[in-house]
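Chemist: Sending over a structure as structure tokens; questions will come in a sec.
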């Protein structure tokens, strides 16, 4: 088992109550595990702000109209000339008008962000969300 460090944190009562409520309403076994996950999320978010990060991973989810002229060809053009590695993409037909595409990306955080913005700004893209993924050592 990994060594653990114990420390004390002082919180306003309202924040402490909110944490307890969230732990109780989720599957977290303890406040400690909940807090560990919050710290990991913050570390990952801060790593994404570091332009030198070269090993970033993300999933870009987009909803778009497949009836939009040239949209699919524009997306493919951007994907083939991207400065990021596209590990895979999954395409789902939502209805007669809309498609959902999920694109797994690897590369520098800066290049992933740039690629996401290019795709999200295309005419016909109705929704774009970049899920930034990171792995911490603990």
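If you go along the chain as it appears here, the first residue is 1 and each next one adds 1.
Using N, Cα and C of the backbone, Cβ positions are placed for all residues, glycine too.
Take a look at what Swiss-Prot says about it:
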BINDING   80, 91, 93, 99  Ni(2+) binding site
Chemist: In sequence order, which same-chain residues at least six apart have a C-beta under 8 angstroms from residue 91 (Ni(2+) binding site)?
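Modeler: In sequence order, 99, 100, 101 meet the Cβ cut-off.
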Chemist: Kindly assign residue 80 (Ni(2+) binding site) to one of the three DSSP-derived states: helix, strand or coil.
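Modeler: The three-state answer is helix.
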Chemist: Is residue 99 (Ni(2+) binding site) helix, strand or coil when read with DSSP?
Modeler: strand
